[in-house]
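Below you'll find the structure, written out as structure tokens, and then a few comments.
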């Protein structure tokens, strides 16, 4: 989270705050589309209590650092992407408990299953290092690149270690996370986010780079934050292997985004080639 903060620049954040149209649309998409999608899927598949809470928490999470990388690959507006990640993370402190409370009204047995206090505590604990990273990037920018690289390295190593330990400790129960309903939900949620993020930003007439950015910011959930909340807020005996759901979701959101990036790059390439051929014929 410190390394994520090191990617955020105060001046860029200030520019988008002074002209907040893009950020407002992105926030509306992030906290409007994804929680509603999670709620509808949980209702549709009639999942057990703990599983339903896990998916709702994932749907209510803010955008993650991965969205910045994907927006860059799609030639989006990086300033908007970084500001959106910052704003959605800060807003999560109030929006996540509020959204979980509202959506759990639709389930008679979920109100007592959501650990609101623990979720708020974990969000505060995560926002503190993120804010530290922002301050480091502002006052000591020459350290921020080093910290970002170290943070990425720690993240990659942690994913491998967690995967190995989880396979050994959980074993056969891991199949619960890979069940058809959960795999379907993990595949549909980011896809719906990408599609509706683009559609909503198109309705509000954002430019093309901003539309692609909002699409990525909407569909990409902060799976690190989600996994941390699940581990902090739930005892292992209660959550079981479901704390691995964010990793399954993350793999789908990355794969689907990669397909979109490839299609976009191919479109750009053929579009340039077509324009070049047209111009040569006109001459």
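Don't overthink the numbers, they just go from 1 along the chain as shown.
A Cβ is built for glycine as well, from the same backbone N, Cα and C atoms used for every other residue.
Features as listed in TrEMBL:
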TRANSMEM  22-45  transmembrane segment
TRANSMEM  51-73  transmembrane segment
TRANSMEM  80-103  transmembrane segment
TRANSMEM  115-138  transmembrane segment
TRANSMEM  150-170  transmembrane segment
TRANSMEM  182-204  transmembrane segment
TRANSMEM  225-244  transmembrane segment
TRANSMEM  250-267  transmembrane segment
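The transmembrane segment (250-267) makes no contact with the transmembrane segment (80-103), as judged by fewer than three Cβ pairs under 8 Å among residues 6 or more apart in sequence. Across 22-45, 80-103, 182-204, 225-244, the stretch most heavily in contact with the transmembrane segment (51-73), judged by Cβ pairs under 8 Å, is 80-103.
Most Cβ pairs within less than 8 Å of the transmembrane segment (182-204), among stretches 22-45, 80-103, 225-244, belong to 22-45.
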